[in-house]
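Some features that Swiss-Prot has for this protein:
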type	residues	note
BINDING	GLY43, GLU44, ASN45, GLY46, ALA47, GLY48, LYS49, SER50	ATP binding site
DOMAIN	11-247	domain 'ABC transporter 1'
DOMAIN	260-501	domain 'ABC transporter 2'
Amino acid sequence: MQQPTSAVPRLELRRASKSFGRVRALSDGDLALWPGEVHALLGENGAGKSTLVKILAGVHQPDTGELLVDGVARRFATPAEARDAGLAVIYQEPTLFFDLSIAENIFMGRQPVDRIGRIQYDAMRREVDGLLASLGVDLRADQLVRGLSIADQQVIEIAKALSLNANVLIMDEPTAALSLPEVERLFAIVRKLRERDVAILFITHRLDEVFALTQRVTIMRDGAKVFDGLTADLNTESIVAKMVGRDLETFYPKAERPPGEVRLAVRGLTRIGVFKDISFDVRAGEIVALAGLVGAGRSEVARAIFGIDPLDSGEIWIAGERLTAGRPAAAVRAGLALVPEDRRQQGLALELSIARNASMTVLGRLVKHGLISTRSETQLARQWGTRLHLKAGDPDAPVGTLSGGNQQKVVLGKWLATGPKVLIIDEPTRGIDVGAKAEVYGALAELVRDGMAVLMISSELPEVLGMADRVLVMHEGRISADIARADADEERIMGAALGQPVGHPVQPIPPLGHAV
């Protein structure tokens with residue numbers, strides 16, 4: 001690990017507390033950021049991370065505690081004061097002016113002018129082009145922001161921070177909406193910033209990013225710091241145990257049981273230009289992971305199996321019965337359930353209650369005398385909420401008020417209420433905190449113990465390796481590898497995702513007759 005280049009931290013928060021009315025959001029906020037160090041800030045939702053960051057950024061003022069910048073006590077009354085002291089926050093969804101150029105966004109409110117007050121656009125463009133080049137990105141100062149990806153917009157925010165001479169960068173879930181290549185580019189930029197002695201606070205739920213990028217970790221729980229130490233001294237299990245406050249025998253509680261009969265069989269699924277000749281089986285009591293890079297066709301295969309997207313050819317069988325393609329209602333009746341990738345847009349009606357969302361797939365069962373029984377609806381929501389450890393006080397509260405992890409549990413409960421034989425779950429833990437991840441993994445393990453067949457689409461390799469009995473890897477619309485749990489590792493999976501041979505070719509799967 002790179003040693004600190006300063007005798008004092010670049011930024012230090014000591015014993016900070018903050019209350020909102022009777023709610024104590026932060027009781028013991030301690031943090032020290034050193035020059036040239038990437039420091040992870042971890043904790044479940046509600047642990048106090050957001051409050052701590054807002055104190056650093058000047059959005060909130062602490063009730064008690066001390067803030068020091070380069071060893072000098074400071075108190076930021078506004079975000080502008082924090083910015084002037086060299087602090088910048090990069091949010092996962094940047095706030096830029098789409099109809100202005102990159103240069104105009106970076107210099108908004110502080111454009112250089114000549115002696116008679118005219119804006120010096122050439123000087124702006126030269127400086128911004130230099131900043132972008134120093135970050136190693138292919139962007140131009142005169143490009144409009146409209147149409148740029150979230151990843152490119154984050155780069156603009158970083159360049160803006162550097163133009164303001166920021167020496168502390170706070171990155172709040174910066175990779176949540178990025179593809180794998182975009183994440184790698186962001187990591188390369190962060191490493192360049194380290195070389196310039198910038199102190200970086202990196203907030204994430206993805207533990208693989210913590211181990212890949214950071215040198216030090218602070219873990220928060222219930223508004224207080226519970227750990228501060230070197231990343232190299234930690235592993236996944238120890239981080240999770242510190243975050244949730246209890247020992248976990250394993251983060252991935254996959255039950256070892258022999259697989260049963262084939263529950264889902266697909267043969268020769270093809271959608272021209274999207275995927276071709278997809279064939280595989282998923283058995284009762286088995287989790288099969290579908291891995292691959294973004295754009296490989298994984299989610300499209302899942303949507304086609306469920307009947308949302310069309311097929312040009314191929315067969316789908318559920319528990320020995322052939323499924324009529326292109327009809328989601330028939331898929332549900334046959335025993336298929338799909339938890340989609342984007343729970344907020346595709347899995348929930350955010351303005352409706354938790355109870356209504358949890359019962360939406362089985363409302364027909366809850367109708368009495370032509371009206372939906374709200375009592376039955378609430379009972380159903382409480383039943384699945386208890387089983388999935390849903391943290392929600394009032395089932396009548398809008399589901400949009402829940403954390404990401406609890407929203408995912410509602411979507412899962414909604415589909416489990418249909419009594420499926422096969423569960424397809426797309427990115428099961430995207431955007432949820434580590435404690436909620438452990439609970440989702442526990443729920444999946446319980447379903448598998450009860451004999452359910454699970455097809456899990458995931459971009460998180462630790463999740464794939466920890467939960468799957470077999471790993472199917474897709475590359476450019478085809479299955480490039482079928483890897484047993486005992487043979488699976490990150491190198492094999494990534495190699496297959498990139499189209500490289502992994503040692504064992506995919507074996508042809510025989511066609512089905514009238515029964516599986």
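Glycine residues also receive a Cβ, built from the backbone N, Cα and C atoms like all the rest.
Since this is a predicted model, take the numbers as computed values, not measurements.
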(message) Return the count of C-beta atoms lying within 10 angstroms of the C-beta of GLY43 (ATP binding site), excluding that atom itself.
(response) 28
(request) Would you please pick out, from the binding-site residues GLY46, GLY48, the one with the fewest other Cβ atoms within 10 Å of its Cβ? (result) GLY46
(message) Considering every residue in the domain 'ABC transporter 1' (11-247), what is the mean pLDDT value?
(response) 90
(request) Look up SER50 (ATP binding site) in the DSSP assignment and reduce it to helix, strand or coil. (result) helix
(request) Just jot down the residues in the same chain as ALA47 (ATP binding site), at least 6 apart in sequence, with C-beta under 8 A of its C-beta; none if empty. (result) MET220, ARG221, ASP222, GLY223, MET243
(message) Cβ within 8 Å of the ATP site centroid (GLY43, GLU44, ASN45, GLY46, ALA47, GLY48, LYS49, SER50 excluded): which residues?
(response) MET220, ASP433
(request) Have a look around LYS49 (ATP binding site) and count the other CB atoms within 10 A of its CB, chains all included. (result) 23
